[in-house]
Amino acid sequence: MAISEREWKMIIIVSVLVGLATISAILRLFARYKLRVRIEADDYLCFTALFLLYGMLIQLILWVAIGGNGTHIKYLSPETLLTFGKIFIANQFTYFALVPILKISFISFYRRIFFTSHRFNVISCTFIWIIGIWGAGIFLICALQCRPLRGYWDKSIEAHCINGNVFFIVNQGFNVVMDFVILALPLPIIFNLKRAWQDKLALTGIFALGGFVCFASIYRIVVLFYIDPADPTHTVYRATLWTHIEPSVGLICSCLPTIRGLFPAYRWHSRSSPYPPDHHDYINSSSNRGAEHLVPSDLSKNSVYIMMEDGLVKPEQDHGWVEDRHDIEENEGRREGGIVRRTDTQVVQGLV
């Protein structure tokens, strides 16, 4: 089956986005390696989402090449229509697994960064459960949307099926709500920082790039209304395109905060801090396997340091910030050798 110019454009657009997502994930992993920070749950979820994204790309190519996606139904043979339906249902299963994993990866990253806030932990954990339960339910409904399931792609057998368009739109409505929730979750903490407004704006910008994911989710609802049951193979084109754009952009955005750790020359410095940027001692914390933490001894109990690559340093209950003496002596030895390693940090006030 010849592939039209429009179908080639869809394959190219999605391939480029998946390529950018791959580069982002590799840079994320490299940032972890360079900063000698252990791989956490959000990283594993990110790479799981990436492999599912590869699966969707393969399905898309097959869907266009042998499944008739983008072609008017009147030009397709019965065998091609069977293939179209089989790939369509496979694509749904992959998408319904990918999206919850990606959203939970976002929230898991936030929990690693802002873990000293009990209220934030409770709220974020609640949304993880909501997304997980909803995702499992949607996956189950997808498997039961036709009884028998073969009736989804083989119209020659008698089957009882739900309204597919309504199913997609309801699920996408939930995705839109969760995307805005995920976008808004860290904002109260960021705006409560005692920082210059430029610092807040820059940090907010890193997370706000996820706003495009919200736009993609909303637009995907719009294009779902364009699917015509009388000619689904042709009218599903735009829905197919945005079904692949949404998770690709989401995965890229999920990697950006960690990738920022590759550029330590960019210093965060609070005007309210009594310490100039190069005044602090940098002490190696054994509890974080090689990640250096900035530890001035007279910080207040209500101050914590956010490290975008490795979360927060926990405040000592009674005496401000305290580190293990062995780590201090080890770091002193490094200074005697003439090498002082530094990690960019930012001060967060009032999280605990």
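Placed from the backbone N, Cα and C atoms, the Cβ positions cover glycine too.
Features as listed in TrEMBL:
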type	residues	note
TRANSMEM	12-31	transmembrane segment
DOMAIN	27-263	domain 'Rhodopsin'
TRANSMEM	43-67	transmembrane segment
TRANSMEM	87-110	transmembrane segment
TRANSMEM	122-146	transmembrane segment
TRANSMEM	166-189	transmembrane segment
TRANSMEM	201-227	transmembrane segment
TRANSMEM	247-266	transmembrane segment
Message: Between the transmembrane segment (43-67) and the transmembrane segment (166-189), are there three or more CB pairs that fall under 8 A, provided the residues in each pair are separated by 6 or more in sequence?
response: no
Statement: Per the Cβ under 8 Å criterion, with at least 6 residues separating them from its ends, the transmembrane segment (43-67) contacts 1, 3, 7, 10-11, 14-15, 18, 21-22, 25, 28-29, 32, 80, 83-84, 86-88, 90-91, 94-95, 97-98, 101-102, 104-105, 108, 240, 243-244, 247-248, 251, 254-255, 258
Task: Six or more residues out from either end of the transmembrane segment (87-110), which same-chain residues have a Cβ under 8 Å from its Cβ atoms?
output: 40-42, 45-46, 48-49, 52-53, 55-56, 59-60, 62-63, 67, 69, 120, 124, 127-128, 131-132, 134-135, 138-139, 142-143, 149, 152-153, 171, 175, 178-179, 182, 185-186, 210, 236, 240, 243, 246-247, 250-251, 254, 257-258
